[in-house]
Amino acid sequence: MTQPDFETVVAIARRAGDAILAVYNGPDFDVETKDDDSPLTAADRAAHAIIDRELRALTPEIPVLSEEGADVPAAKRQQWPRFWLVDPLDGTKEFIKRNGEFTVNIALVEGGRPVWGVIHAPALDTTYGGGVGSGAWKQTGADGAREPLAVRTPDDGHAVVKSRSHPSGELAAFLERITVADEVPVGSSLKFCVVAEGRATLYPRFGPTMEWDTGAGQAIVEAAGGRVVMAEDETTPLTYNKDDLRNGFFIVSA
């Protein structure tokens with residue numbers, strides 16, 4: 001199959017991020033929940049509209065599955081040989097807290113596997129990307145040089161990614177069984193990115209996620225040499241386009 005123009009997809013993610021920032025930096029920002037008329041909802045919908053419209057124009061032969069339009073029956077979407085998997089605004093709690101750690105996520109999924117992804121953090125003006133056979137990279141600013149990424153293995157203990165918003169008893173029990181040298185608190189899909197760039201060595205997730213939360217991050221981590229596997233069977237990778245779009249618990253590592 002012919003590969004899409006991924007550079008254009010990166011630009012689409014940045015434009016969606018600009019639309020989010022227009023709301024985030026606006027004079028009327030005051031939000032605690034995702035009500036239908038909240039700034040959070042406005043930002044989500046604005047980003048979704050840009051991504052959906054521009055991906056369909058760029059690759060009309062590739063369907064788009066987005067959090068904002070995820071009501072496609074499984075029987076239909078499982079006929080797709082590949083599709084775009086999109087979360088137009090990941091990290092709603094980070095958006096509400098105004099800590100900047102929210103992202104735009106776009107992944108290309110083929111045969112149940114994310115083969116390419118981009119994660120753009122508009123408030124941080126930082127973009128991560130990567131895919132099968134092309135490696136992973138980080139870019140600061142629209143014109144910044146792209147830094148190659150590679151995961152790192154732990155020395156005397158793991159640097160563990162710690163969710164800012166989703167603690168769990170299962171996670172606490174898991175951490176008791178390993179050596180933790182450091183904790184790296186971060187929100188949204190940026191948790192994948194800090195593993196991909198070697199700032200952390202382990203991201204165990206024992207909480208609810210959907211496929212659009214993880215697809216782009218998994219592609220980037222795997223392109224950087226890492227793994228994303230099921231927590232109950234670490235020989236099984238996290239897979240996509242399942243009957244149920246909810247993920248099981250998983251572990252991201254070098």
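Backbone N, Cα and C atoms are what each Cβ position is placed from, and that goes for glycine too.
No curator has checked TrEMBL annotations; they are predicted automatically.
Features as listed in TrEMBL:
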BINDING   E67, D87, L89, D213  Mg(2+) 1 binding site
BINDING   E67, L89, D90, G91, T92, D213  substrate binding site
BINDING   D87, D90, D213  Mg(2+) 2 binding site
The number of other Cβ atoms within 10 Å of the Cβ of D90 (substrate binding site), counted over all protein chains shown, is 28
10 Å Cβ neighbour count around T92 (substrate binding site)?
19
Cα-Cα distance linking E67 (Mg(2+) 1 binding site) and T92 (substrate binding site), given in Å to the nearest integer
13
Cα distance, E67 (Mg(2+) 1 binding site) to D90 (substrate binding site), nearest Å?
10
Out of E67, D87, D213, which of these binding-site residues shows the lowest number of other CB atoms within 10 Å of its CB?
E67
Integer Cα-Cα distance in angstrom, E67 (Mg(2+) 1 binding site) to G91 (substrate binding site)
13
What residues, ordered by sequence, lie under 8 A Cβ-to-Cβ from G91 (substrate binding site) and sit at least six positions away in the same chain?
E101, F102, T103, G187, S188, S189, L190
Taking 8 Å from the centroid of the Cβ atoms of E67, D87, L89, D213 as the cut-off, which other residues in that chain fall inside it around the Mg(2+) 1 site?
S66, V86, P88, D90, N105, M210, W212
Residues sitting within 8 A of the centre of the D87, D90, D213 CB atoms (Mg(2+) 2 site), not counting those, run E67, L89, G91, T103, N105, S188, S189, T209, M210, W212, T214, A216
Number of other Cβ atoms within 10 Å of the Cβ of L89 (Mg(2+) 1 binding site) across all protein chains
30
